[in-house]
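A.B. asks: One structure, pasted below without further comment.
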Amino acid sequence: MIAARLSSFYLLYFAVLGGLVPYWGPYLRSLEFSPAQIGELMAILLGTKIIAPYLWGWIADQSGRRVAIIRLAAFMAAACFAGILAGDSYLWIAAVMLAFSFFWNAALPQFEALTLNHLGTRVERYGRIRLWGSVGFIASVVVLGPLLDQFGEALLPWVIWALLVLLWFSTLAVSERPDRRAQPSAGGIAAIMRRPEVISLFLACFLAKASHGPYYGFFTIYLQDAGYQGLVIGALWALGVVAEIGVFLIMPRLLANAGPRTLMVVALGLTALRWLLIALFIDKMPVLIAAQLLHMASFGLYHAVAVHFIHRFFRGPFQGRGQALYSSLSFGAGGAVGSLGAGYLWAGTDGVLVFLLAGLLAGLGLVVAWLGLPTGREPGGGPQHSSNLQTTGVRS
């Protein structure tokens, strides 16, 4: 029963992302915003991740009331997003996006920690739960593509708001579960953050997510300008998530055979290749299909390995803040920088240069991961890290 309740949150959360990630940029363009303004608004959506997840993570760790915070965040996200329905000026949408994303970006890191706490030593079951997030994303992008073609982008905010309301209802069905792992040694979170391998991990994650800025903000626009219709665009987005599911299913075996450092290097190398293919072959459907299949590495494999490291480096009272720092420094800071840069560069190029630069950022992340992440299959080392959590890398 608890697995179904946890799964429903992922289903609805990623269904919301299935509307926001591919279609929010085109919606903003339908309001006649410039590429620079679109980049700025997307950066607001991502930039609040720099502060919000850590703040809410600290509150959750100190209070122990993780579920209450998840419920509050989901409720306020729905309430704030309703403001989109009341106006369409640049400043109004910027203000609504700021308020909405402050709460929206608080929910997932805490729910990820809650899910692992519920699973306890049975973390291999995580993939089966998180798969429903992929199902929600796929359903959303596939259904919304032709719907928006037929009824226009004005439909999008209403669909997203309805999904947010349903998401809040789903949080009412989950219960609290504390972290029962061994507590960390003294030294505090600052001591963890000063470790060279932790610095390397966060820098590699920042570069990886910065490289995704053009993809999240402008890939759909890039496809539209190349002449692709909504059904095809939705199918391409969905294809990437289908490939991601394969990673969920084989991640424990990959970690056991290759180790997290090797997998991170492979993931970032394939990420760089993906952006190069999109940059140079936007008019070649077979190449685009191959590029979207690489989503299994650029998001699925990368994110699974990153969380594998995070879950080991940050334990006990630092668990929520560890997840939040990962979200803040990668999806937040990295995503915001990538979106801003893409927005300012897009108007003066045809998109090719922007995606080429994205490939360069992913390549730099590869170098950082290769030089700075610990080798072996037990990141962090030492007896205080020994546990049966090897399969936590399945978290994508």
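Using N, Cα and C of the backbone, Cβ positions are placed for all residues, glycine too.
TrEMBL feature annotations, pasted as is:
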- 5-356: domain 'Major facilitator superfamily associated' (DOMAIN)
- 7-25: transmembrane segment (TRANSMEM)
- 37-56: transmembrane segment (TRANSMEM)
- 68-85: transmembrane segment (TRANSMEM)
- 91-108: transmembrane segment (TRANSMEM)
- 129-148: transmembrane segment (TRANSMEM)
- 154-174: transmembrane segment (TRANSMEM)
- 198-218: transmembrane segment (TRANSMEM)
- 230-251: transmembrane segment (TRANSMEM)
- 263-282: transmembrane segment (TRANSMEM)
- 288-311: transmembrane segment (TRANSMEM)
- 323-346: transmembrane segment (TRANSMEM)
- 352-373: transmembrane segment (TRANSMEM)
A.B. asks: Honestly, do the transmembrane segment (198-218) and the transmembrane segment (288-311) touch, with at least three Cβ pairs under 8 Å and pairs 6 or more apart in sequence?
C.D. replies: yes
A.B. asks: What else in the chain is close to the transmembrane segment (154-174), if you only count residues 6 or more beyond its ends and a Cβ gap under 8 Å?
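C.D. replies: For the transmembrane segment (154-174), the sequence-distant neighbours (Cβ-Cβ under 8 Å, at least 6 residues beyond its ends) are 2, 5-6, 8-9, 12-13, 15-16, 19-20, 23-24, 27, 30, 67, 70-71, 74-75, 77-78, 81-82, 84-85, 107, 114, 140, 144, 147-148.
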A.B. asks: Would you kindly list the residues that approach the transmembrane segment (288-311) from elsewhere in its chain, counting only those six or more residues past its ends and only Cβ-Cβ distances under 8 Å?
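C.D. replies: Residues 112, 116, 201, 205, 208, 212, 236-237, 239-241, 243-244, 246-248, 251, 254-255, 260, 263-264, 266-268, 270-271, 273-274, 277-278, 281-282, 319, 322-323, 325-326, 330, 362, 373, 379-380, 389-390, 392-396 contact the transmembrane segment (288-311) from elsewhere in the chain.
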A.B. asks: I'd like to know if the transmembrane segment (352-373) touches the transmembrane segment (91-108) in this structure, counting it as a touch only when three or more C-beta pairs sit under 8 Å and are separated by 6 or more positions.
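C.D. replies: Counting Cβ pairs under 8 Å, fewer than 3, so no.
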A.B. asks: Going along the chain, which residues at least six beyond the ends of the transmembrane segment (37-56) come within the CB cut-off of under 8 Å?
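C.D. replies: Same-chain residues near the transmembrane segment (37-56) but 6 or more away: 20, 24-25, 28-29, 69, 73, 90, 93-94, 97-98, 101-103, 105-106, 109-110, 213, 216-218, 221, 320-321, 323-325, 327-329, 331-333, 335-337, 339-344, 346.
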A.B. asks: Would you confirm whether the transmembrane segment (7-25) and the transmembrane segment (129-148) meet the contact rule of 3 or more C-beta pairs below 8 angstroms, pairs 6 or more apart in sequence?
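C.D. replies: Yes, since the transmembrane segment (7-25) and the transmembrane segment (129-148) share at least 3 Cβ pairs closer than 8 Å, they count as touching.
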A.B. asks: Could you give the residue numbers and ranges of same-chain residues that sit at least 6 residues beyond the transmembrane segment (263-282) on either side and whose C-beta is under 8 angstroms from one of its C-beta atoms?
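C.D. replies: Counting only partners 6 or more residues beyond its ends, the transmembrane segment (263-282) has Cβ contacts under 8 Å with 204, 208, 211, 214-215, 219, 222-223, 226, 254-255, 288, 290-291, 294-295, 297-298, 301-302, 305-306, 351-356, 358-360, 362-363, 365-366, 369-370, 373, 393.
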A.B. asks: Under an 8 Å Cβ to Cβ limit, what residues of the same chain, 6 or more beyond the ends of the transmembrane segment (68-85), are close to it?
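C.D. replies: For the transmembrane segment (68-85), the nonlocal Cβ contacts are 56, 59-60, 92-93, 95-96, 99-100, 102-104, 106-107, 110-111, 114, 157-158, 160-161, 164-165, 167-168, 170-172, 174.
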A.B. asks: Averaged over the whole of the domain 'Major facilitator superfamily associated' (5-356), what is the pLDDT?
C.D. replies: 89
